[in-house]
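Right, one structure below, let's go through it.
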Amino acid sequence: MAGREIGGGDRRWSLRGMTALVTGGTRGIGYAIVEELANFGAEVYTCSRSQNDLDECLEKWRRKGFKVSGPVCDVSSISQRQTLMESVTSSFNGKLNILINNAGTTIPKEATNFTAEDYSIIMGTNFEASYNLCQLAHPLLKASGNASIVFNSSAAGVIAVPLSSIYAASKGAINQVTKSLACEWAKDSIRVNAVAPWIINTPIIEAACQVPSQKKNIESLIGRAPMKRAGEPSEVSSLVTYLCLPTASYITGQIICVDGGYTVNGFI
């Protein structure tokens, strides 16, 4: 099953021979991204804060014939990010084709209830870590001669959503960095894009729906999207993978919403 190609074996639709780093790759959208990239032939390096999650996923991928490896890493830690990139450098001989900044977190609160610690956690994980990983990965991406960065942003970085002011700010910052790096690093043959999902059926959403009040809020938000349903992780990972394929070679600096039409709905 590993190494799928479409388009009659056209190399524009293959990631065979390419290397990728996906942060937070053992759950939800990150897990789907690792599988999709590996299925198109990429050799993937990923990380997780949980050794148990990592071991379980690596075994599943091994059984599927995917080339996936990686360590435990908390990307909010500067020293752990540096160690991660040293491992990537060693594993991929100093070259990296794909960087997926997927790891992220949120704390839902009213704006007046956020603390300095909340701010540090959300911005540190969602923005600082992603930005710094781009800096650390730049020499490897440039050395590959054909590289792509994709940020996992959010519809919350495009329009206002409840209880998410700091999270939205972190994703809005990601969206602007996407545009800035796309322009600054084009000369190095590095493309930079972002995907901006809305509500996706992940373990986090499933857990939240176990609380009646949260389930009601989530269902209300889902109902505002024209497609009237939550998305699936595979519906995000497919776009992420497309943006990394050679066939997307003229696409850079874009923030693409994967939201069932939520951000463009004028009939709310």
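Placed from the backbone N, Cα and C atoms, the Cβ positions cover glycine too.
Sequence-distant neighbours of Tyr167 (active site, proton acceptor) (same chain, six or more apart, CB under 8 Å from its CB) are Thr106, Ile107, Pro108, Ile122, Asn126, Ser154, Ala156, listed in sequence order. In the three-state DSSP scheme, Tyr167 (active site, proton acceptor) falls into the helix class. Under the heading active site, proton acceptor, Swiss-Prot lists Tyr167.
Around Gly25 (NADP(+) binding site), a 10 Å sphere centred on its CB holds 31 further CB atoms from the protein chains shown. Under the heading NADP(+) binding site, Swiss-Prot lists 21-45, citing similarity to another entry as support.
What Swiss-Prot records for Ser154 is substrate binding site, and it gives similarity to another entry as the kind of evidence.
Annotation note: Ile33 (NADP(+) binding site) sits in a helical segment as assigned by DSSP. Sequence-distant contacts of Ile29 (NADP(+) binding site), defined as residues of its own chain at least six apart whose C-beta falls under 8 angstroms from its C-beta, comprise Asn102, Asn152, Pro197, Ile200, Thr202, Pro233, Val236, Ser237. Proximity of Ile33 (NADP(+) binding site) to non-local residues of its own chain (separation of 6 or more, Cβ distance below 8 Å) is seen for Val22, Gly25, Ile100, Asn102, Val236, Ser237, Val240, Thr241, given in sequence order.
Secondary structure at Gly25 (NADP(+) binding site), as computed by DSSP, is coil.
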